[in-house]
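The structure appears right after this line, and notes come after that.
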Amino acid sequence: MNTSISEIQRFLSMIAFEKELVSEDFSVVAGIDEAGRGPLAGPVVASACILPKGKVFPGVNDSKKLSPKQRAQVRDALMQDPEVCFGIGVISVERIDQVNILEATKEAMLQAISSLPISPDILLVDGLYLPHDIPCKKIIQGDAKSASIAAASILAKEHRDDLMLQLHRLYPEYGFDRHKGYGTSLHVEAIRRYGPSPCHRKSFSPIKQMCAIV
């Protein structure tokens with residue numbers, strides 16, 4: 001993992017929100033992010049993460065900017081550190097179809113917060129306002145600006161990828177191991193050929209249209 005001075009400085013620049021909030025007497029800051037709002041299949045997953053003060057985590061960045069190998073390394077470093085607190089929320093395809101993806105995403109985030117081992121004083125949420133008893137601050141593109149949100153984005157992404165690999169073993173014909181449920185040409189062609197599986201989001205327009213054709 002890159003532990004160069006520039007990488008450490010980059011991480012330190014990403015804890016500005018957290019340091020500002022601590023100076024305002026919000027002692028415990030949790031970053032919240034999700035993975036899987038856009039795919040045509042699989043659950044939506046959220047993570048809440050509280051990073052320990054004064055500790056540097058090289059590699060923590062927006063999960064979309066990291067390679068799979070880098071993400072896995074950072075995920076392992078976060079999960080193996082006893083001072084890092086995190087929670088995971090998973091909302092099923094059935095629930096997504098029932099309430100819509102935005103509401104399902106919020107439910108996943110609330111689940112993740114509830115599963116934290118300690119209660120935060122304030123929530124930093126990537127791109128969404130989350131109704132909660134705990135004060136909430138929405139940060140646009142927060143996974144690129146806040147270390148806590150970036151850590152949450154990595155934990156959520158890695159957890160969801162693991163779930164999609166499990167689904168791949170059940171439905172190998174769709175290639176979930178390659179695209180994780182996103183609407184690639186390979187995935188769309190597989191749906192056309194085999195029809196939607198139980199883990200496809202029937203409320204999403206492309207799936208809905210293909211169901212109508214079938």
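Using the three backbone atoms N, Cα and C, a Cβ is placed for every residue, glycine included.
Of the residues proposed, Asp126, Asp133, Asp161, the one Swiss-Prot records at the same divalent metal cation site as Asp33, Glu34 is Asp126. When pLDDT is averaged over the domain 'RNase H type-2' (27-214), the result is 95. The residues near the divalent metal cation site, meaning same-chain residues not in Asp33, Glu34, Asp126 whose C-beta sits within 8 angstroms of the mean position of the site's C-beta atoms, are Ile32, Ala35, Ala46, Ser47, Met109, Val125, Gly127, Leu128, Gly142, Asp143, Ile149, Ala152, Ser153, Ala156, in sequence order. The Cβ of Glu34 (divalent metal cation binding site) lies under 8 Å from the Cβ of Val44, Val45, Ala46, Ser47, Thr105, Ala108, Met109, Asp126, Ala156, each on the same chain and at least six residues away in sequence.
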